[in-house]
Amino acid sequence: MPHSDELDAGNVLAVENLNIAFMQDQQKIAAVRNLSFSLQRGETLAIVGESGSGKSVTALALMRLLEQAGGLVQCDKMLLRRRSRDVIELSEQSAAQMRHVRGADMAMIFQEPMTSLNPVFTVGEQIAESIRLHQNASREEAMVEAKRMLDQVRIPEAQTILSRYSHQLSGGMRQRVMIAMALSCRPAVLIADEPTTALDVTIQAQILQLIKVLQKEMSMGVIFITHDMGVVAEIADRVLVMYQGEAVETGTVEQIFHAPQHPYTRALLAAVPQLGAMKGLDYPRRFPLISLEHPAKQEPPIEQKTVVDGEPVLRVRNLVTRFPLRSGLLNRVTREVHAVEKVSFDLWPGETLSLVGESGSGKSTTGRALLRLVESQGGEIIFNGQRIDTLSPGKLQALRRDIQFIFQDPYASLDPRQTIGDSIIEPLRVHGLLPGKDAAARVAWLLERVGLLPEHAWRYPHEFSGGQRQRICIARALALNPKVIIADEAVSALDVSIRGQIINLLLDLQRDFGIAYLFISHDMAVVERISHRVAVMYLGQIVEIGSRCAVFENPQHPYTRKLLAAVPVAEPSRQRPQRVLLSDDLPSNIHLRGEEVAAVSLQCVGPGHYVAQPQSEYAFMRR
């Protein structure tokens, strides 16, 4: 039955009275209630709200993916205008018909790329599969188009990446592959669920511009789900604000930012961290917590000094980590990824040192190498006077009680067969620290500290939103009262209010227990708020390191200035520069086996502030 007369000529999507529920303990739990919206051709609708507000399940309902997970979906109308201009009712489509709609007419970029990519197929095969299915292209044509899409999302060495597997890529690289796959068939509607969460600010800025360019070319409608109000200001035409499963406010981006009507919208905007807010302050500062009842922003008191003078708790010297690349008929190692090259730094008790840089710069690999989750090929890692890099497996296991890791992808780091209570208790059991009754009380306390309920201990990972899963991972890392926590994008998946709560929790624990943090992040506004010192990484090497004040208020290296300039600002009227989207000029950290890369030489430009020397900087930036 044709539905063209039911959809306005300019619209590509219309939803009326969408209701979503899940069954739990024989009870129906409502996730979304009476949600209605439309999307015009060439328009970007941003759906914003806290974790668990119903944003992602709304997107999954549109894609007809919720029924498989036990979701109950009811809707008066869910109309889509396909690329062929035919209008279909999505709720009436069979599973076979939806397979032709997904990808070709409506594509989705998922929040967690590691769980969305198939680990047994190469990147090229996965992108090409979608192109062959929906565009009737040959294998050769599909691979050429796949390479072109990787170029468009600014992946260096795109030809090489085509033959790599998802586990061989960084989180940001995987997210860019997901974006390339979703855009490869030029759909009528693109649903982007936190598509730039795992990306550094420079790549995020380029991806946002890329989506806008392709949107203009194809008159594509975009639903952009995010918690980053800076991104909303940069990309959205209209904004839909959700709270506890309901739409509380909708309007143009200018109306929402300049004249918000609902208290929750005002609270969301007040909670956005602003780059430059820490100017003149020496120590990290807690985030102001905004609630629906008290939306007015009140700055928290200034923090006290937590860094303990004396010997560093962690000392890293000339750390080198490389990954082999095989090729040829004999599958020999011919090239290597120089992920980390001669990195050195110290970390003191009670200090937060942030590692920042683009995806693939070596931040996460550095963090993993410290715990020997990846093996290093050179350098020294010393914890409390003891060499980590030479420890036996048995002694290393005991040491991991004192150094904990919070991973970037929360779903991939939780066992789907275990309740979250069991996942949090597991490290306590492994180290024999607490009996069952005390361990259960510890789990309840940890869940409350990260903003969850004690009864959540009996649920499984798939029953939580992405932000809630990240909070579970943080609770697990805190279970053993470690001396050092390596946090790899630990708050990147969280909305602004929960992110503030978690950062405040980390600062409280640092103040109470003297925990040292190695904070790996691409969110410069959060880094500015939490850090004592900042190290900027580029192609596996540190090019600038110093106090937070020095790096943010007086950046010396061109790359540091580039990172700061790319940070999205929560002001829709701000003029934004156009960015070049070509990837041919991107440098690469892949080199022939045995080839040595010159280490940058750092020079002191101020107290504790070191920057790559100009003579080595030019060669380094060009490589």
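Any Cβ shown, glycine's included, is placed from N, Cα and C.
Summarising the annotation, Swiss-Prot assigns ATP binding site to 49-56, 357-364 and lists sequence analysis as the type of evidence. Taking Cβ-Cβ distances under 8 Å and a sequence separation of 6 or more, the neighbours of G49 (ATP binding site) in its chain are K55, H227, V241, M242, Y243, L268, D495.
According to Swiss-Prot, the feature domain 'ABC transporter 1' maps to 15-269.
What Swiss-Prot records for 314-564 is domain 'ABC transporter 2', and it gives sequence analysis as the kind of evidence.
Among the listed binding-site residues, namely K55, K363, the Cβ with the most fellow Cβ atoms inside 10 Å is that of K363. Take the CB of S361 (ATP binding site) and look out to 10 A: across all protein chains shown you find 27 other CB atoms. One residue stands out among the binding-site residues S51, S53, S359 for having the most other Cβ atoms within 10 Å of its Cβ: S53.
For G357 (ATP binding site), the count of additional Cβ atoms within 10 Å of its Cβ stands at 26 [all protein chains shown]. In the predicted model, the domain 'ABC transporter 2' (314-564) has a mean pLDDT of 88.
According to DSSP, S361 (ATP binding site) is assigned to coil rather than to any helix or strand.
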